[in-house]
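Per TrEMBL, these features apply:
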ACT_SITE  69  active site, phosphoserine intermediate
BINDING   127, 129, 295  Mg(2+) binding site
BINDING   300, 304, 341, 342, 425  Zn(2+) binding site
């Protein structure tokens, strides 16, 4: 492919993060997409399946075999691997030395290169993955000041304040997602969604210092074309083509799962609609390009509660967002990468017939039924117990017959093999899909922090820019020259520190 193999300069970098989408989630999500359209499903194609280049990234943190989202997002967006729970800092960070341990990220690189920047997510905008594009924090949970221990509260800034007050967050042109509570901008109770889900991921940080950071953000943009929106109607009616800055916070905590999302004008916009509006704000005829991070973050949260049906619907919505973006950009000068930060313990198993409901049973009717999708651990174990207990069963009579359960209920949980309140991540490698200038660098298996250097190299920004001769000359250079240099550069920066830091 001429586009994938030529010398590279990408004016625009798009990174689509599908939080928690391992290979099993991709395969089942693809089938689910086809079955929603009335087809068998196995032959279905996701919008990024046709990307010319694919690879696998190794997701471990410097201190954990199976990672969390803070450490993985830091790796992808800074080029530096770090510890579990750390955001935008290397492995040496403590509660009081965040500045000294801070590492730069792709949004800083982009802004220094004169590019416009933005983030779009279905999680809180202060959640781990989006936070790694702008924040430096010893603890991913410090989304607002109420979560910071009193003894260090005056020595650090919460993540919401960093977004509004510190670069690169305060220079971002687009900020869209959930998380109003962390900004002191919660809406009245009667306007909130009625459907509530359980799990630690549903808890939020409620600001207690009396500040309204949304108002502070608007004041800071005085003299610029800036807008704050909080529902679908306001977003869709915003004159985004003329805006310099757009903030949209559409929920007090995470945005709703697609299956229960309020689709009215007073509700929440879809991920695809947010993506379209973000691109329109970021695209400028006389700009030096842009960098946009889009996250389908609720996939991960659904898996944590063994809600397979919700997770697969979120995969389909991410696919729609990628498809929407592909229709708006020129791949001759735009690098698009789609990847996950980590996997989950979900399995896709059994020998179901072709076209079998992907959310159905894995074997034929004359056998003891079990589900095609199950989990290694999670709260689904308890859901399927007759006495609603987490104790290990002594015989099969302890289980509720799965065919008698209300499996169409919105909060139905698939069976897990071991009880835990929130299902864990999976530690296997995750896929990376890429198209556009620089995408040929995405091949084979590589460290997760390599992704940041691909964007740096292709976008002529940050530490890998110096290895791309095309950033300094209009003349084309042999493709292999820059590729070898980048591979060497990434190898030297593979880890933030020792494998087992003290």
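Placed from the backbone N, Cα and C atoms, the Cβ positions cover glycine too.
Source: prediction; values computed, not measured.
Features per TrEMBL, on structure.
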residue : record                                  : DSSP class
69      : active site, phosphoserine intermediate : helix
127     : Mg(2+) binding site                     : coil
295     : Mg(2+) binding site                     : strand
300     : Zn(2+) binding site                     : helix
341     : Zn(2+) binding site                     : coil
425     : Zn(2+) binding site                     : strand
**Request:** Let me know how many other Cβ atoms fall within 10 Å of the Cβ of residue 69 (active site, phosphoserine intermediate).
**Result:** 28
**Protein Cβ atoms within 10 Å of residue 425 (Zn(2+) binding site), excluding its own** = 23
**Asked** Given the binding-site residues 127, 304, 342, and counting only Cβ atoms in the protein chains shown, which has the most within 10 Å of its Cβ?
**Response** 127
**Message:** If you measure from the CA of residue 127 (Mg(2+) binding site) out to 10 Å, which recorded positions from the list 69, 300, 304, 341, 342 are inside that radius?
**Reply:** 69
**Complete:** Comparing the Cα of residue 304 (Zn(2+) binding site) with the Cα atoms of the recorded positions 69, 129, 295, the shortest distance belongs to 69
**Asked** Looking at the recorded positions 69, 300, 341, 342, 425, which has the shortest Cα distance to residue 129 (Mg(2+) binding site)?
**Response** 69
**Prompt:** What is the interatomic distance between the Cα atoms of residue 341 (Zn(2+) binding site) and residue 69 (active site, phosphoserine intermediate), given in whole Å?
**Reply:** 6
**Fill in**
Within 8 Å of the Cβ centroid of 300, 304, 341, 342, 425, the other same-chain residues by Cβ around the recorded Zn(2+) site are 19, 20, 68, 69, 72, 303, 340, 343, 344, 426
**Prompt:** Taking the centroid of the Cβ atoms of 127, 129, 295 as the Mg(2+) site, which other residues of that chain lie with their Cβ within 8 Å of it, listed in sequence order?
**Reply:** 17, 19, 69, 73, 121, 123, 128, 130, 131, 177, 297
**Item:** residue 69 (active site, phosphoserine intermediate) versus residue 425 (Zn(2+) binding site) - Cα distance in angstrom
**Value:** 9
**Complete:** Whole-number Å distance separating the Cα atoms of residue 69 (active site, phosphoserine intermediate) and residue 300 (Zn(2+) binding site) is 10
